[in-house]
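Asker: The structure's right below; bear with me while I get my questions together.
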Amino acid sequence: MVRKLTLQGLQSCQGTVDLPGSKSIANRALLMAALGDGTTELNHLLRSDDTARMLEALAALGVGIEELSATCVRVRGCGGRWPKQPEQLYLGNAGTAMRPLTAVLAATSTAPVLLTGDARMQERPIGDLVDALREGGATVRYQQQPGYPPLVLEQALRGGEIHVDGSASSQYISALLMALPLLPNDSHLILTGTVVSWPYIELTLAMLRDFGITVEQHGKQGFSIAGRQRYQSPAAYWIEGDASAASYWLGAGVLGGGPLRIEGIGRKSIQGDIAFIDYLQQMGGRITVHDEYVEVNGGQLRGIDADLNAIPDAAMTFATLALFAKGRTAIRNVANWRIKETDRLHAMATELRKAGAQIEEGADYLIIDPPAQIQHAQIKTYDDHRMAMCFSLLGFSAAGVTIEDPDCCAKTYPDYFSELARVT
Ligand SMILES: O=C(O)C1=C[C@@H](OP(=O)(O)O)[C@@H](O)[C@H](O)C1
Ligand SMILES: C=C(OP(=O)(O)O)C(=O)O
């Protein structure tokens, strides 16, 4: 039976929350450590559905992974030569597993391998990445619908001049950046289309440096990548807290008045979603950023009008915060919300209306006029962890909210609702 959770009239949000490790960093670090020449201890590792899919895939490829504690694993790198050749890998709905493994296995697999995922993953496009891999000499076969998983990687990527359209997902570019250094040939990666979610590419570049890989960047035009590089294995690697997950706590700390201390992100964070804080401050949130934690102390919210293309995940949190703000909020340039865990533009518009908001749903934007009073609503979450976590914030209204299937938050944050109960 699918659970429902009602949250109502939450009055305060105080104390300390220790963020789980970043999903984006965790899945990159697991893969880079697995490709490394030595052994790496990964600390503050997120344990969730998405990281479980990456861990299972690496285990199937024969990578030695030893669990030292719930959030620490030791990864024995295989230097890009996988000890095992599985026929098939199941990657659930983890974009950060599907896209990087498609490119990296196209570069390194010595036998055909089928990559598949859950029903939603089979609706999430991967054609622009596959086109780039084909241009680089790989043979990739779609098993069902052209442009979507499942797909079979049949013949290895060679490199050379490769164009990739980054207008649907930055993950295609990150994936190629992780794969191309492993090839026998040098590559030139040329970016086409208007690249979305750019800070995730910066995150990939920063982590490649941490793992000893050199990439020459030509602004936002492309990259020159020498082949025959080897991932180095840092002895230990710390995964900072998840900045997208922090957005729910930042929202809760504003609505509940704080003081709420959020541990695991801060001034030195390397995730783009840290910029959520700047926008929330513009909206009236009282937030102070320290080196390794952030403190939030309430605030009176007013609507904002912002292009949030750079922070697509945290941007969703503004949609529910908008119901508590004075005036209109516009969230712009988020067309790729439509190809994530669900069609997030449509799902958000539909569910916000149930709480009484007036919504204009555009092809790539959402305009939200808050209701005079938030109405109680039963919210569908569409198997989308962020829908569940964003709508929990309506628990701070007098009418409250009922969330269907709150447990779908396990994709990136299994403990979210128990933590919320602890600090409210
Ligand atoms: O590279 C990454 O770790 C991610 C990139 C973003 O995807 P898009 O580039 O598809 O927007 C983001 O939404 C996703 O949750 C994680
Ligand atoms: C879009 C998301 O995930 P994925 O890594 O599967 O793309 C997300 O976490 O919001």
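Cβ coordinates come from backbone N, Cα and C, glycine included.
It should be emphasised that the depicted structure is a prediction, and the values quoted were computed from it without experimental measurement.
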Asker: Considering the 3-phosphoshikimate binding residues Lys23, Ser24, Arg28, Ser169, Ser170, Gln171, Asp313, Asn336, Lys340 given in TrEMBL, which of Ser69, Ser197, Ser269 is annotated for that site as well?
Answerer: Ser197
Asker: Tell me, which binding-site residues from Lys23, Arg124, Gln171 are within 10 Å of Ser197 (3-phosphoshikimate binding site) if we use the C-alpha atoms?
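Answerer: Close binding-site residues: Gln171.
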Asker: Filter the recorded positions Gly95, Arg124, Ser197, Asp313, Asn336, Arg386 down to those with CB closer than 6 A to an atom of ligand 2; keep them in sequence order.
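Answerer: With ligand 2 as the reference and 6 Å as the Cβ limit, the list reads Gly95, Asp313, Arg386.
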Asker: Among Lys23, Ser170, Gln171, Asp313, the recorded positions in the record, which have a C-beta under 6 A from ligand 1?
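Answerer: Among Lys23, Ser170, Gln171, Asp313, near ligand 1: Ser170, Gln171, Asp313.
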Asker: Filter the binding-site residues Arg28, Gly95, Arg386, Lys411 down to those whose C-alpha lies within 10 angstroms of the C-alpha of Asp313 (active site, proton acceptor); answer none if the list is empty.
Answerer: Arg386
Asker: Which residues of the same chain, at least 6 positions away in sequence, have a Cβ lying under 8 Å from the Cβ of Arg344 (phosphoenolpyruvate binding site)?
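Answerer: Looking at Cβ-Cβ distances below 8 Å from Arg344 (phosphoenolpyruvate binding site), excluding near sequence neighbours, one finds Met316, Val334, Trp337, Arg338, Asp384, Arg386, Met387.
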Asker: Among Lys23, Gly95, Arg124, Gln171, Arg344, Arg386, Lys411, listed as contacts of phosphoenolpyruvate, what is the widest Cα spread in Å, to the nearest whole number?
Answerer: 19
Asker: Per residue, counting other C-beta atoms within 10 angstroms of the C-beta, which of the binding-site residues Lys23, Arg28, Arg124, Arg386, Lys411 reaches the highest number?
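Answerer: Comparing the binding-site residues Lys23, Arg28, Arg124, Arg386, Lys411, the most crowded Cβ belongs to Arg386.
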